[in-house]
Amino acid sequence: MEIREIYLLFWGCNASKEDLIKSECEPLLNEMFTVHVESNLASPLAGNVAVEVNPRASVSDIVSNFLLTLQRDSSVPGLIVYDKHFNKLDWNASIESQGIEEGTKLYIGYDKTRLFRPFHVGVVGAVTAVIAILLFVVAVVLFGATGGSIPFDYGVVIDAGSTHTQVFLYFWSGSKYHNTGVVKQKSTCEYEAGIANRIDPENILSCVNNVTSLIPQGLPSPRLYLGATGGMRLLNESNPKDASLILMTLKYALSTSHVKVETIDIIKGDEEAMFSWISTNFLKHILKEDQVQNTVGALDLGGASTQYAFATKNTSVDLSSVKDLELFGHKYSVSSESFLCFGYYEALDRSETIMIMNNESETLFDPCLPVGFNRELEIKSLSEKPCLMNKDFTQWMKNHSNINKLIVTGTSNYTLCKKSVDYILDESACKDSGFNQCLKAPNLGSLNIKFMAFSGFYYVVNFLNATGSLDKLISATKEWCNLTWDEIKQSQPESQLQYVSKYCFAATYIIELLTSKYGFDSTSWKNLEFSNQVEGTDVGWSLGFMIHATNGIPEEFPSPPVISLGIFVPLLIVSISMAFVSILVLRSHVKHIFHRDHERLLNV
């Protein structure tokens with residue numbers, strides 16, 4: 001159907017083509033004129049079209065005729081007509097009222113204001129609200145939930161003792177506490193060999209790799225410290241070149257691992273005691289308290305040396321043995337001392353050396369060993385030990401150069417064993433025999449402070465189940481010293497026999513060391529606590545060493561969030577502003593709907 005026919009039908013002129021010339025339809029036909037409509041819309045609505053219109057028709061008919069001319073649907077929504085000045089024409093007004101004449105140039109485009117009709121306004125408000133909420137949540141999460149974590153630092157300490165080597169992995173929060181790290185033990189690896197007797201870099205390296213494998217990936221290499229104790233101190237006295245070579249070999253081997261080697265050295269005995277004191281009081285939760293608490297002393301018994309440490313404010317204490325410390329914001333003065341050659345293995349060798357000098361046969365009867373126990377002893381092995389060197393023993397070896405070996409046999413005699421122990425602890429007898437190292441210990445029992453006794457003290461006393469009192473320990477020691485070797489073998493696993501065979505001497509030595517030298521008696525014995533672990537952490541010098549070392553390690557700072565404060569604040573402002581705008585828009589939209597529905601109800 002042509003446009004003219006549509007108009008005739010619209011105005012009630014229902015005529016066929018032959019009737020178009022009838023008088024009643026002719027005026028309508030004469031009113032028709034042509035306008036030029038241009039569209040820059042996307043194809044297929046683009047084009048420049050001549051459209052016939054009736055001046056009494058509405059502006060919307062121009063669009064309908066334009067679409068019909070293009071043979072497109074006449075109900076495309078959102079279109080509007082503009083004049084040559086791009087003024088929008090009233091959609092429902094008549095063509096003649098808009099000043100449109102024959103040949104007028106018009107333009108068709110989308111009505112942008114339709115985007116903001118009530119329905120669209122509601123959608124825009126809702127979308128804006130959703131975007132505002134998402135932006136707010138994302139900003140808060142990226143700033144508040146990321147970053148801020150303080151990384152852990154890790155450190156490896158190797159305790160290279162006289163009879164064993166133990167590797168510890170420690171960790172602490174990088175933020176520290178008053179400049180000192182709150183150190184915790186992560187893992188440990190141990191094997192029964194001292195580096196002074198048999199250097200074994202592969203085993204040590206294997207232990208280091210074993211514990212460091214527990215460090216989370218992505219963290220810097222841990223710092224490593226090796227501290228050699230009594231055994232290496234002795235070797236350094238007798239053969240400093242060998243001691244230096246051992247340390248150099250270890251340093252080279254450890255440098256191939258994924259660690260940052262800080263120190264490989266022999267630590268002094270009094271420093272070892274001081275570090276043990278730090279460990280003891282840290283594990284007792286004393287050092288971290290805001291107020292300075294009564295501290296606990298430390299007693300350590302190793303294979304080559306024994307040492308003590310306690311905090312003091314007494315000016316009468318030998319100042320050469322006092323070291324000032326600052327830990328967790330508190331200052332301490334710690335008196336510490338180590339006695340080389342008085343660890344229980346070296347003391348046992350010294351005891352047998354004195355027995356040898358009083359023996360004229362090739363069989364040495366040792367009262368501290370069980371009856372039925374026999375072993376072969378090479379005299380040369382004793383002559384190479386610095387703790388045994390004295391003028392009397394040197395003279396004895398010259399006089400008995402024909403004796404190369406002795407058979408040592410046990411006699412299970414506590415009384416004679418105690419007598420032998422008393423002799424090696426006697427300072428006057430020690431000096432008279434010409435030993436270089438003699439023990440002059442302070443009376444620790446009179447200090448009336450608590451001491452934790454660990455390492456050798458703990459192993460032996462705990463084995464005898466006699467940690468409660470001095471009398472109980474003496475009774476248990478006598479009972480153990482009276483056992484035969486067969487009785488011991490029946491009661492103990494084979495893997496422990498090499499250690500428990502020496503426990504009669506070790507227990508007797510511990511009793512005499514704590515009583516006659518350190519001054520503890522039945523009354524002050526209550527101040528002794530025998531322990532080797534506190535809350536799963538080993539007591540010893542290595543933990544204290546690591547804690548002390550953290551004072552010199554730079555503090556770590558919290559990791560930054562994904563977005564900085566400079567980005568977070570603007571995002572927060574934008575999201576809040578968008579939320580505020582969306583509330584206003586939605587509120588206006590709701591009011592409009594309410595008024596519209598209200599008007600409809602009034603018109604019903």
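For all residues, glycine too, the Cβ spot is worked out from N, Cα and C.
Note: TrEMBL annotation is automatic and uncurated.
Summarising the annotation, TrEMBL assigns active site, proton acceptor to Glu272. What TrEMBL lists as ATP binding site is Gly303, Ala304, Ser305, Thr306, Gln307. Residues or ranges marked as transmembrane segment by TrEMBL: 121-145, 562-586.
In the three-state DSSP scheme, Ala304 (ATP binding site) falls into the coil class. Neighbour count (other Cβ atoms within 10 Å of the Cβ, all protein chains): 29 for Glu272 (active site, proton acceptor). If you take the C-beta of Gln307 (ATP binding site) and look for same-chain residues 6 or more apart in sequence within under 8 angstroms, you find Gly269, Asp270, Glu272, Ala273, Ser276, Leu299, Asp300, Ser336, Glu337, Ser338, Phe339. For the ATP site, the Cβ centre of Gly303, Ala304, Ser305, Thr306, Gln307 serves as reference, and the other residues of the chain with Cβ at most 8 Å from it are Ser162, Thr229, Gly230, Gly269, Asp300, Leu301, Gly302, Ser338, Phe339, Leu340, Phe342, Gly343, Glu346.
Neighbour list (Ser305 (ATP binding site), Cβ cut-off 8 Å, at least 6 residues apart, same chain): Ser162, Thr229, Gly230, Arg233, Gly269, Glu272, Ser338, Phe339, Leu340, Cys341, Phe342, Gly343, Glu346. Local packing around the binding-site residues Gly303, Thr306 was summarised as the count of other Cβ atoms within 10 Å of each Cβ; on this measure the leading residue is Thr306. Annotation for Ala304 (ATP binding site): same-chain Cβ neighbours under 8 Å, separated by at least 6 residues, are Gly161, Ser162, Thr229, Gly230, Gly231, Arg233, Leu234, Leu340, Cys341, Gly343, Tyr345, Glu346, Cys387.
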